[in-house]
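Record features, source TrEMBL:
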- 20-40: transmembrane segment (TRANSMEM)
- 218-235: transmembrane segment (TRANSMEM)
- 242-266: transmembrane segment (TRANSMEM)
- 292-315: transmembrane segment (TRANSMEM)
- 322-341: transmembrane segment (TRANSMEM)
- 347-366: transmembrane segment (TRANSMEM)
- 424-457: transmembrane segment (TRANSMEM)
- 469-493: transmembrane segment (TRANSMEM)
- 579-597: transmembrane segment (TRANSMEM)
- 609-634: transmembrane segment (TRANSMEM)
Amino acid sequence: MTSDTTRFVGYKQRHCTDIFCLILFIIFIIIYGFISILAISQGNPASLIQASDSFGNICGKNEFKSKPYQLYYDISKCLTGGGLSLVCPTTKLCVSSCPQQYSDYQALQTMELGNILSKNYTRQQLVCMYGFNPVNDHRTIIELVNDGLCAPYTIESEPFLGRCLPSAVINLFEDESQQIFQQNLSVAQINTQMFGIGSMADVSRVVLADLGKIKESLALFSVVACALTLLYMFAVKKLTRIIVTITIILFLLILFICSSFCWYTIYTGQDSVYEYSTVARIVNDFIKLRTIYIVLGSIATFFFIVTLFGILTLFDRIRLSIILLDQSANAVFSVLTTILWSPFIILIYFLVIFTVIYTGMCLSTIGKPVFLSIDHNETVPCIPNLNSTGCIFQEEYGYDSLVLNGTDPITSGVIRFLVDYKSYLVWFNLFAFIWFGTFLFAFEEIVLAGVFSNYYWSQERLTTSFPLLYSAAIIIRYHLGSIALGSLLIATLRFIRIVLDYINEKCSSIQRNMVIEFILKCFTCFLWIFEKFLKFLNKNSYVLIASRGYSFCKATRKAFVYVINNCLRSVVLVHLTEWILFCGIISACGCNAYLFYQYLQWTDEFDQLILRWTPIVAIILITYLIASLFFSVYDMAIKTLFVCFLQDLDENDGSIQHPYVMNNELLRLVHKTNIVEKK
């Protein structure tokens, strides 16, 4: 007779869990969707991309065709006054050309009053509102600036994406590299000179050009990266004990060499690093190398002794980790489609990022520039025009009574709501991004947990031909509420940390209080640690939800008991797995980079590159991302089988009614047996 504790709970035997949280999540999505639609309908995100002035005119189009560039009155406010908003709170004008020299209104005022420069000359240096001629105005330059009619200063600028930005930012270290490209040099000569390039603009241009030359080779070796990652996993599957032994020995060897070098250098005083490294000499001027050697030597020695002691005393736990690593590799290769699951989730996550960013851009551009005119010492709303000089931009965006006049009550209410609560909606958008992201990755983990727990409880014989789709169908049908609850807890903690960091930053900018800052930092650190623990606990809970159909609270309670009662097994498994997967990532990156280098040499593509380190760095990054995605599936398989093993030990006793599901190797390791029913 088969007990419920010895099998994977199928589709028809389950029930919906945490329905209230699912309803809450659906309501949240509806509210977010409604606000997003309102924001998109009222916002103008194109104004953040296209060059435009504060009157809503697009520079370079229609009557402003001769003025294609956007100039900021006070560009410093773009760095200090925005907060969470994407809008730069200063007046913007369309100009025919960017300023070519620096001028300051106070200096111009001094020169004009001192008759150093003529009024006609000083006022021609000003950038003012459309149709306003400062030469014919009787007010002083300072009064013109205070009234918002003219910009307080101009900086030598150059156009960038239609904006006049300071030349110092755009052309940083550009002179040397421009000379290189203006000369008629060979590729080899350019290679020699470009290693000392200082221009970020030229570096990005050259990097993109180099990557364009080898895009086919990059695509080919991206496939090679997938093959190398699978090859490493296959090697772990076939040579688990050998690979684990080699990685442990390698880890101990690195610690021993590091420790020995540090203590030898301290004892003999012969520092070869200081003799041959300029960087070490510079560091020695700030922190004595002897102090660094003492710290590093102590850390390396401590970890070497702890690791060696752990290997000698926790040998059975290491054997358990080896068996689970072997079984996890078998599970992944039994359902290879799981490798495609993480990239699929990443694509959806990018769509979420795009949606949230676009909504944020719309929220930041809701409303129109607020203009006020002074009438009898009172400010009243006004509508500016090209010939207006008294209607001044108030460095804020929203809707005044003039703009709302003529709109229907519903539209007017929507506009007022979005403008009045804009700052709160920006925070709401941020929280939505965090919750959606954590929900998505929790969904990824619980679906994979369903596949691998099915593999364990079916004794390596899966109960369906399409285990990934079967697991996803179960989770979507019954357990989205549990995912919503688990992701909500993580999202709330992360959001609170962000809010505390924001408050701390604001308080520090106003008046720095060391005590309050220390308390906030400690509380933030505590929340970070608690969030990490909760994420670890959630991952174990998802395994129980996927395999048994528990509610989130019941699964979390059981997972917590399992972790506490088997903390040594858990620590050994987690750290050994992390080290083995890290070695796998390093091996895949190193091998692929070497093969890619040899391939470029063989095809003569390497000699056509300007920055020869570009392809190596690019293929290392690509390989790292691919290996990390693949190994995240492998890591989830290991953790799932480990929780299933603990659950097997807890719920079964080896009797005929409740036999152990684990294989014979695990049974021998934990000194358990199954009673065989006599025929």
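Using N, Cα and C of the backbone, Cβ positions are placed for all residues, glycine too.
TrEMBL labels come from automatic prediction, so no person has curated them.
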Check: So, do the transmembrane segment (242-266) and the transmembrane segment (609-634) meet, by the test of 3 or more Cβ pairs under 8 Å (sequence gap 6 or more)?
Finding: no
Margin query: Please tell me whether the transmembrane segment (218-235) and the transmembrane segment (322-341) touch - that is, whether there are at least 3 C-beta pairs under 8 Å between them, with each pair 6 or more apart in sequence.
Written below: yes
Check: Hey, does the transmembrane segment (20-40) touch the transmembrane segment (322-341), meaning at least 3 C-beta pairs closer than 8 angstroms, sequence gap 6 or more?
Finding: no
Next item on the list: Look at every Cβ pair spanning the transmembrane segment (469-493) and the transmembrane segment (20-40), keep those 6 or more apart in sequence, and say whether at least 3 of them are under 8 Å.
Entry: yes
